[in-house]
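Enquirer: According to TrEMBL, the feature transmembrane segment maps to A:20-41, A:293-317, A:337-366, A:386-406, A:437-456, A:680-704, A:724-750, A:762-786. Sequence annotations record features per position, and here TrEMBL assigns domain 'MacB-like periplasmic core' to A:20-247, A:449-634. The annotation domain 'ABC3 transporter permease C-terminal' is assigned in TrEMBL to A:295-407, A:684-792.
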Amino acid sequence: MLQNYLKIAYRTLLRYKAYTALNVLGLTLGLTCAILIYLMVSFHLSFDKFHSKADRVVRIVSYFNTPDGEFYTPGVPAPLGDAARTEIAPLEKVSMVYNEDNVTVALIENNVPTKKFKEDNGGLFFVEPDLFSILDLKILKGNVQDLTQPNVVFLTEKMAKKYYGDKDPIGKILRLDARLNVKIVGIVQDFPSNTDIKGSIIASYLTRDTYSPEWAKHMKMHWGGINSSTQCFALLKPNTNIEQVQKLTPAFMAKHYTSAEERKSRFLYIQPISNIHFNENYNGMPKSIITTLAIIGLLLLITACINFINMATAQALKRSKEVGVRKVMGSSRGQLFWQFIAETAIITILAGLISYLLATMLFPLLSNWQEGIIGYRMIFSELIDLRFGVIFTFTIVLVIFISGSYPGFVLSGFNPVVALKGKISTQSLGGVSIRKALVVTQFVITQMLIIGTIVVSSQMNYFITSEMGFKHDAILQMPVPQQDATKLQTLKTQFKEIPSIEKVTYIWTPPMSQSHNTTNVKYDNRQTDEKFSLNTKFADEDYVGLYGIKIVAGRNIAHIDTMRETLVNEELVKRLGEKSNDKVLNKILEFNGRKITIVGVVKDYHVETLHSKIPPLAITSTTNMYHTVAVKMNMADAQNTIKKLDKIWSATFPDFVFEYEFYDEAIGKMYQIETAMLDLIQAFALIAILIGCLGLYGLVSFMVAQKTKEVGVRKVLGASVGQILWLFGKEFSILIIIAFIIAAPLAWWVLNGWLQDFQYRIDIGVGIFIMAVLLTGLIAAITVGWQSSRAALANPVKSLRTE
Amino acid sequence: MLKITNLEKIYRTEDIETVALNKISADVKNGEFVAIMGPSGCGKSTLLNIIGLLDDADTGSFLFNNEEVISYNERKRADLRKRNIGFVFQSFNLIDELTVYENVELPLLYLGIDADERKKRVEAVLEKVQIMHRRNHFPQQLSGGQQQRCAVARAVVNNPKLILADEPTGNLDSKNGNEVMELLTDLNSNGTTVVMVTHSEHDARYAHRIIRMLDGQVVMENVLS
């Protein structure tokens, strides 16, 4: 019997090729997206779960409770590691780590650099030996105890290969940032792609002292400062729970912070390793993007299933005779039902196989795209596991039943007498209302995705075009690897001699950036610190001019190498409680342990992305904080100008690798998560629309076939082509409007929630909704119009004869 | 074999009631060949459908082999149908996607008969209706006469006790029509009961008895010699 089902299914599918193709295509699109989304979601959910002691691994992180709200950082004070090791009993192992993102590495032969490399993605990773007991890191060569020495590093396999090819790197010397020689003492296995804790050059933690002598001198024993890259990992003793450890932290902090103010504001949080990837407070990625993706994946699958149901039910009319005959021959309703499930199974399994192949082909694109935006590379083979197999099979079976059972139910319920006479009508296809509801659901999904696309792209556009309070075009930024005052002076002079360079400034970070330095501040002769923290920026006297920042009171800072004069923003004036900008001029601002004179006030500009409010800000000069040189250039001959900059820069810093970035691009990168979200929503909205169109097309073809006679009669009676088209258009217009009524508030609710993340945001206006409904209408009109115009233009004599 | 008593069937729409069968009573004996005649709309097809358990009556009694089947549910009807009744239609009603062989095999599949036995029986019946040579053709590749012979083969392949034929020659020319009537007569002479609805006086003469209907009632019965 099964053979008979399969045989007839195969022949039916072959006979109605267009129908089969549309169905397979729709399902394939939905399934392919679902597979890709599943892989991406499961990749992100798998982060750092592979460590064998993952349930006991924690990261100790900090948060501050201030009058401005809570502040979070994954960093801890540098001395915390040693203190925690001895004072927090439930910790079995503790390792401080420090990640230096930007490092220039030179290979040294006979004390001479031979090759230079710029390692800028999680390059240099300082760790204590205990990290190897906490995490599953495998040493391939060398001894972990070597990490108790200063100036030694391990390389990952990949880096060893990159630097030395197949040669043995053990014993070779590397020079870091042209100032410190280190010896390679071992090789570690490459870090897997799904970890947030990684590096490519693993240096002993003691090496940090020699790498940054300034840090060793000032910060190493200092409990006051926190750098977000100085982190602490620990392994809990077996049978200890995190809450127990968390309860010990207030006493621990009280021991190291003596002032009441600090004790009230500084806290530690014991973060489970499983929490790292998605905790936005501590620089994790927003889980919402993964949830959104999963929901979109599900919606796409639903759309594809609805498509299938609609087309299969419409197609059912052509099968009515067969159903009648089979019933007369003694088939039970159940047997017929399973027959149609078998047919659905064939289509679904076929679509499933094609989808899997498509997904393997598209996966590298997705992986590259993701790596480009958020820097994570996914490996296909690592993600295809037993769980994938089980879920994939389960999904296919589920799709078969969801898609096949309704048409099967309807078809098997035909009255044989009516079915044999071919008098099954649309009405008897188990309630038009169900199919209308399905079409409405599809339109709801499509419209929500369209509204989502419009809102997200409007907000993105708002970011890019909104007034940030400073200029950002035609500004090129290069690193400053060495803060040597004389060198910097010469470099600036040389840069200015290039005719296409208009201005040059040294800065720590540009006006809007993701690195911030915040500190306590004392004003004038007030006795205590202000209740807010101060955002500080370091820049020379050309900063305001180059970035077009407006001075609204006082004057610009003078050319001084150390912190003596500062500019402040209007927000600071307001927060200090001064009535006018002039009031703060020549008053003293005390921060970073120095007393600095306020010489001018600048108009507020955005310091962080539009997610955040403009904070109180001070801009002061100090050469040893200049990490970037920015130039305003004439873009007419940009390539040539960059070449000239490269030449001068490389001559000034011969041990380093020249690199540059346009500031506009850097700003774009600050919205990478939003960009990613927009890309995804756009792509999936397009696919959802496409699937929806396939379904509509199928449905309309069916309607056209049904109404051939009606159209013929109407034409004979004098109906125009337009009136005939409206016959088909009317029904869909109503459905679109019903869908809109459901989709609009739903989309508004979801997107309004999303927009709340931004301090500066667009309003979701009526225009957006009108645009969405018009767009859906247009898409539907094109799909419906094409098929129905064929019916409308057909010769009525012919269409009547076919009846 | 069949005994119907006071059978009533009314088709209702919102404001019209159409009486298809008006308290009709009739019976058919084992081995009989009965023709039902009457003008269009007199209820003969409805009667045939009820006898074939494809449709149900509103009131009345229907004994099939002395068993009351009027209250049977869908599953029991399907079961009774596939074991006892073969159908022949005016428009053949072969499944286009199946070959001649597969069409004829279908009732045996629903009876759960094993493959070897199926093959034997299908081939035997195809020989009998003389379309063995077209066994692998699809219905649309056959002439009308061949299609109806195939349909007859399908109707008898499970050795039913009763064959219901609804205008079996309606779509055929006289030569092919006569062949089909010969087939039915042949089957009847071998013991199968045949009930046939027809418009054709010529075809009706093959029967033992003619039941004439009008407006849902039996108006006359002719017994033929």
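Glycine residues also receive a Cβ, built from the backbone N, Cα and C atoms like all the rest.
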Enquirer: Residues of the same chain, at least six outside the transmembrane segment (A:437-456), with any C-beta under 8 angstroms of its C-beta?
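Expert: Distant Cβ neighbours of the transmembrane segment (A:437-456) are 296, 299, 302-303, 306-307, 309-310, 674, 677-678, 681-682, 684-685, 688-689, 691-692, 695-696, 699, 732, 735-736, 738-740, 742-744, 746-748, 750-751, 754-755, 762, 764, 768-769, 771-773, 775-776, 779-780.
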Enquirer: With contact taken as 3 or more Cβ pairs under 8 angstroms (pairs 6 or more apart in sequence), are the transmembrane segment (A:337-366) and the transmembrane segment (A:762-786) in contact?
Expert: no
Enquirer: Counting only CB pairs under 8 A, let me know which of A:293-317, A:680-704, A:724-750, A:762-786 has the most with the transmembrane segment (A:386-406).
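Expert: Comparing A:293-317, A:680-704, A:724-750, A:762-786: A:293-317 has the most Cβ pairs near the transmembrane segment (A:386-406).
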Enquirer: Mean pLDDT across the domain 'MacB-like periplasmic core' (A:449-634), rounded to an integer, is what?
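Expert: Averaged over the domain 'MacB-like periplasmic core' (A:449-634), the predicted model reaches a pLDDT of 90.
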Enquirer: Could you give the number of helix, strand and coil residues in the domain 'ABC3 transporter permease C-terminal' (A:295-407) as assigned by DSSP?
Expert: 102 helix, 0 strand, 11 coil
Enquirer: Please list, for the domain 'ABC3 transporter permease C-terminal' (A:684-792), how many residues fall into helix, strand and coil according to DSSP.
Expert: 94 helix, 0 strand, 15 coil
